[in-house]
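TrEMBL lists 20, 27, 156 with the feature xanthine binding site. Look at TrEMBL and you will find 128, 129, 130, 131, 132 tagged as 5-phospho-alpha-D-ribose 1-diphosphate binding site. Annotation source TrEMBL lists domain 'Phosphoribosyltransferase' at 35-156.
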Ligand code: G4P
Ligand code: NA
Ligand code: NA
């Protein structure tokens with residue numbers, strides 16, 4: 001087990017409905033020493049890519065992206081979830097559907113902060129169905145920028161997002177891939193390729 005799998009095993013809580021709660025170190029209270037290790041590990045895995053910007057999505061992605069950015073020495077841009085419509089023109093916009101929350105959100109990034117010169121590493125905390133991720137990818141494409149890689153902290157390997165994104169040919173690195181979870185026993189099984 002790697003450092004993150006160990007931490008998930010120790011402090012993650014399996015809820016009914018295949019939900020993994022990691023509120024004590026990732027999603028509510030944040031373990032910054034762990035975030036720093038996460039940043040170091042992404043830097044190692046994307047060592048061959050020339051990355052000049054990190055893109056994430058509010059809210060939970062931001063803290064992680066900031067710590068990762070320290071290891072790449074680049075700025076972070078976060079996509080905002082917005083319900084407003086009067087934003088076209090100066091914003092890149094993508095539609096993102098949340099299966100968990102059963103709603104649609106517009107995700108927006110100002111055109112000032114993404115351009116064809118940008119080589120982007122996308123960072124997020126969870127990958128489930130991949131809707132958020134596909135929204136971020138579409139924003140990078142709309143900007144004419146390049147997705148150099150995608151770094152995910154926890155991938156739910158039994159949902160379809162990871163397979164879809166890998167099939168599209170993206171360099172996706174997930175630090176922990178959960179293959180199955182059992183709420184009754186609290187057992188979490190990780191995938192190791
Ligand atoms: P998708 O983007 O992969 O399609 O995700 P989905 O709609 O299924 O998930 C909605 C939200 O729930 C996302 O956060 C996602 O990161 C998070 N999520 C999905 N599965 C789990 C899980 O098992 N445990 C935890 N802790 N989170 C999960 P969000 O609401 O878009 O963003 P944020 O404001 O929380 O960052
Ligand atoms: Na997220
Ligand atoms: Na989240």
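Quick reminder: no glycine exception, Cβ is built from N, Cα and C everywhere.
Note that TrEMBL annotation is computational and uncurated.
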By a simple count, how many Cβ atoms lie within 10 Å of the Cβ of residue 132 (5-phospho-alpha-D-ribose 1-diphosphate binding site), its own Cβ left out?
26
Counting only residues 6+ apart in the same chain, whose Cβ is under 8 Å from the Cβ of residue 27 (xanthine binding site)?
21, 60, 125
Long-range neighbours only, meaning 6 or more apart in sequence with Cβ under 8 Å: which ones does residue 129 (5-phospho-alpha-D-ribose 1-diphosphate binding site) have?
99, 159, 160, 161
Here's one to test understanding: among the binding-site residues 128, 130, 131, 132, whose C-alpha is closest in space to the C-alpha of residue 156 (xanthine binding site)?
128
Under DSSP, is residue 128 (5-phospho-alpha-D-ribose 1-diphosphate binding site) helix, strand or coil?
coil
Separation of alpha carbons, residue 20 (xanthine binding site) and residue 132 (5-phospho-alpha-D-ribose 1-diphosphate binding site) (Å):
18
Residues near the 5-phospho-alpha-D-ribose 1-diphosphate site, 128, 129, 130, 131, 132 excluded, by Cβ within 8 Å of the Cβ center?
98, 99, 127, 133, 134, 159, 161
Centre the Cβ atoms of 20, 27, 156, go out 8 Å, and tell me which other residues of that chain have a Cβ in range of the xanthine site.
12, 19, 21, 22, 125, 126, 128, 154, 178
DSSP-assigned states of the domain 'Phosphoribosyltransferase' (35-156) in counts, ordered helix, strand, coil:
39 helix, 49 strand, 34 coil
